[in-house]
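Asker: So TrEMBL lists the following for this protein:
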- 1-20: signal peptide (SIGNAL)
- 48-272: domain 'Calcineurin-like phosphoesterase' (DOMAIN)
- Asp92, Asn130, His234, His269: Fe cation 2 binding site (BINDING)
- Asn136: N-linked glycosylation site (CARBOHYD)
- Cys179-Cys248: disulfide bond (DISULFID)
Amino acid sequence: MRRGLIGTLALAIFGMAVIGSITTNLAEVEVEPAEVAVVEKVPTDTLRLFLVGDTGGLPIYPYYSYAQKVVAKSMENMALEKKVQMVLNVGDNIYYTGVSDEYDSRFRTSFENIYDGSGLDVPWYMIAGNHDHFGNVSAQVAYTNHSRKWHMPNLYYKLSFHVDGTTVDVLMLDTIVLCGNTADIENGGLFDLLWNKSHDPEGPTDPAKAEEQWQWIRESLNSSRADYLFVAGHYPIHSVASHGPTHCLLERLDPMLKAFNVSAYFAGHDHTLQHITYPNDYGHTIHYVVSGAASRSDRSKKHVNTVGAENLQFHYPTSWNPFSQLGFSNGAFIYVEITKDNAAMTFLNGKGNEKYRMNISPRSKSSS
């Protein structure tokens, strides 16, 4: 009770500080999917990348959180040491109501100024989260034309990399277009977001657009013969934390992942690191990875009974902090190395200390 009161008071104080500080412009342009955004031959025998999510900072000065700065520093140091080639960012890029247009100063204050080291001057492949969709999400696509790092060619798209004779495909999805948003807010401000009750997505705003993307997903999965086939979206399919599983994705996306022997599904949304495993009907294990702690963190295991403790391989953080959701924590991120033999994923706290490691083997090239 006492912990809940402290957390509520913290959110209330923060909310009062930011009410009216941001307005939202929802006028958007049409964005069409790209069949393939990138086909690249990696000049080494290893593809090295970071998997991060929920990097969106704060909507008031200094526009970044403490956790975000801690994580960014560790990423920079590791990027220089390991020669990281790219970053996958799974959404909630700008808290709490996205951006108003492609020239919004938040791109600079919550992204460019934070990840400004030479080690992180690599392509950042972005997708939108629910908070990005409260603003002008097509402006985030358009910002690709103004940044060396930020790559978001469309709301959903495919990446394909060739590494030492091995192919890595990544489908970057917009799960908000697929499933809907998490609050009944349109043209809302910070007050609306802080005080409006959040809920599980209840259906797409534009069912026709959702169906177009569902069809694209099925066709892309069916046609892929990659040694590693990853799918990334903001909403998790399985999660033990605050938001828990996303029913829309459980019903429609998860059966596709199992049918086409997907290697792993990457998500954010819950501000944790998680590794969850489920087998498909053919003995192939699918890995569900959550990396949503790049600017704030949460120890919640609210939905552990839904997921099943036997399926949960790892969860971080475990310690309680009443202000962690506001970014007063060390955060966390994931480092990935992919070779012809395996994809090694290292789960790190914000200071760069290893907490967990796991490997994913190349999949069978035959789809069932």
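Cβ atoms are placed via backbone N, Cα and C, with glycine included.
Small disclaimer: the values here were computed from a predicted structure and weren't measured.
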Asker: I need the CA-to-CA distance for Asp92 (Fe cation 2 binding site) versus the residue listed as 'N-linked glycosylation site', whole Å please.
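Answerer: Their Cα atoms are separated by 13 Å.
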Asker: Please report the Cα separation of Asn130 (Fe cation 2 binding site) and Cys179 (disulfide bond) in Å, rounded to an integer.
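Answerer: About 10 Å separates the two Cα atoms.
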Asker: Setting Asp92, Asn130, His234, His269 aside, what same-chain residues sit with their Cβ within 8 Å of the center of the Cβ atoms that define the Fe cation 2 site, listed in sequence order?
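Answerer: The surrounding set, listed in chain order, is Gly53, Asp54, Val90, Gly91, Ala128, Gly129, His131, Asp132, Thr175, Ile176, Thr182, Tyr235, Gly268, Gly292.
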Asker: What whole-number Å value do you get for the CA-CA distance of the residue listed as 'N-linked glycosylation site' and Cys248 (disulfide bond)?
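Answerer: Checking the Cα atoms of the residue listed as 'N-linked glycosylation site' and Cys248 (disulfide bond) gives a distance of 23 Å.
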Asker: Round to a whole number and give the Cα-to-Cα distance in Å for the pair His269 (Fe cation 2 binding site) and Cys179 (disulfide bond).
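Answerer: It is 14 Å, counting Cα to Cα.
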Asker: Can you check what DSSP calls Asn136 (N-linked glycosylation site), collapsed to helix, strand or coil?
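Answerer: In the DSSP reduction, Asn136 (N-linked glycosylation site) maps to coil.
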Asker: Would you mind listing, in sequence order, the residues at least six apart from His234 (Fe cation 2 binding site) in the same chain with a Cβ closer than 8 Å to its Cβ?
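Answerer: Set apart from His234 (Fe cation 2 binding site) by at least 6 residues yet with Cβ under 8 Å, we have Gly53, Val90, Gly91, Asp92, Ile127, Ala128, Gly129, Asn130, Asp174, Thr175, Ile176, Ala267, Gly268, His269.
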Asker: Within 10 Å of the Cβ of Cys248 (disulfide bond), how many other Cβ atoms can be counted across all chains shown?
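Answerer: By my count, 20.
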Asker: If you run the three-state DSSP split on His269 (Fe cation 2 binding site), which class comes out?
Answerer: coil
Asker: Averaged over the domain 'Calcineurin-like phosphoesterase' (48-272), what pLDDT does the predicted model reach?
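Answerer: Mean pLDDT, the domain 'Calcineurin-like phosphoesterase' (48-272): 94.
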Asker: Would you mind checking how many other C-beta atoms are within 10 angstroms of the C-beta on His269 (Fe cation 2 binding site)?
Answerer: 27
